[in-house]
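Each remark here refers to the structure printed beneath this line.
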Ligand code: AMP
């Protein structure tokens, strides 16, 4: 009988799943993965096995296909293709663990309620993460469920790096820098430790450059500082999110331009970033292929913000030994990596253009004082590993 761990990542309009085979004394192997995109609008369900063979490719009619419906479709698909499968547990990506949860946790009704209380801190994500947990609990009562938090990796940061210059009572009320993308940083730094332990023991900045983008200073495998703060809006400019923004701009939009809170939220999260600056697309590939000056401006600003954040994160560690690129843009765009590295020569970075163009593991020149690496992220595998550990397997 095949034993497996299911990983779920529920977003506002998407539900992603990965199924990993468990065998004692070996690493977890991916069996299948897939996702439903466009939930609430025009849902599209795609699933593939580990040979990239299509298991499902369905466009669903109707706006009534909610997360519950998607979970049932995934369960039906797994029953059809993997008969006799024994599910050992489900690992969930949960965006917010607040100040308390510094590690993955096995869920109980009490902990689910405690995580619910954090929903105001991540209104766009937390409720969907918890909805998936509740749906599994009601469909498969007794099946262990593990929450893995995007914030947990950053709880090693000292207090200075978690503060804002607000009255201290705000910090006590939970208004502090939490940091996100923690599962990606944890996976990337664990991979670096496995492959280059001496580098991983030093001062490393990891640049997670995807549709959501952030950077993290990691020293000896522990998060020191992150570009993301109270929400996933701070730091780098992203596909549709502003990144770092003078809080006075928000006041101006509300008071002088009379925008509603919902309009400002929509502007900051959905209409800004690469999309807003270029007026063309949030997709880096489209902007790099475009000849429009606004596309070039958006790309220039994206690189500029990374360069500034890199300097800031290096300062938070009093130095830099290595830079690691990960996520969609970081893993695939040699030109963005090259431009970031060219602006970071003052930090001792000398890129090897051939290694960079070939997407190699080490992309810095052989005598570069600061080394540069390329490590594809795998948040799902990180969640599956945590789930396995929490299950005591
Ligand atoms: P992620 O959120 O990690 O899936 O990353 C999505 C982002 O990666 C999108 O902005 C894509 O345009 C970008 N991306 C993927 N492949 C490439 C590529 N070859 N060159 C530039 N950007 C890419």
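Glycine too: its Cβ is placed from the backbone N, Cα and C atoms.
Pulled from TrEMBL, these are the features on record:
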type     : residues                                                            : note
ACT_SITE : 150                                                                 : active site, proton donor/acceptor
BINDING  : 9, 379                                                              : Mg(2+) binding site
BINDING  : 16, 208, 209, 210, 211, 212, 283, 284, 285, 328, 329, 330, 331, 332 : ATP binding site
BINDING  : 93                                                                  : substrate binding site
SITE     : 181                                                                 : site 'Transition state stabilizer'
SITE     : 241                                                                 : site 'Transition state stabilizer'
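Location within the structure of each feature annotated in TrEMBL.
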residue : record                             : DSSP (3 states)
9       : Mg(2+) binding site                : strand
16      : ATP binding site                   : strand
150     : active site, proton donor/acceptor : coil
181     : site 'Transition state stabilizer' : coil
209     : ATP binding site                   : strand
241     : site 'Transition state stabilizer' : coil
285     : ATP binding site                   : helix
329     : ATP binding site                   : helix
379     : Mg(2+) binding site                : helix
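Among the recorded positions listed (9, 241, 331, 379), none has a CB atom closer than 6 Å to any atom of ligand 1. Within 10 Å (C-alpha to C-alpha) of residue 181 (site 'Transition state stabilizer') lies none of the binding-site residues 16, 283, 329.
Comparing local CB density within 10 A for the recorded positions 181, 285, the maximum falls on 181. Listed in sequence order, the recorded positions from 9, 16, 93, 241, 283, 285 having a Cα within 10 Å of the Cα of residue 150 (active site, proton donor/acceptor) are 93. Only 241, of the recorded positions 9, 93, 241, 379, have a C-alpha within 10 angstroms of the C-alpha of residue 211 (ATP binding site). Across the fold, the C-alpha of residue 329 (ATP binding site) and the C-alpha of residue 241 (site 'Transition state stabilizer') stand 16 Å from each other. Here residue 209 (ATP binding site) is positioned 14 angstrom away from residue 379 (Mg(2+) binding site), judged by their C-alpha atoms. With residue 283 (ATP binding site) as the anchor, the candidate recorded positions are 9, 93, 241, and the one with the nearest CA is 241. Proximity note: of the listed recorded positions (16, 93, 209, 241, 331), 16, 93 have a CA within 10 Å of the CA of residue 9 (Mg(2+) binding site), given in sequence order.
Around residue 16 (ATP binding site), the same-chain residues six or more apart in sequence whose CB sits under 8 Å from its CB are 8, 9, 10, 33, 34, 35, 380, listed in sequence order.
Residue 285 (ATP binding site) sits 27 Å from residue 93 (substrate binding site), taking the CA atoms of both as reference points.
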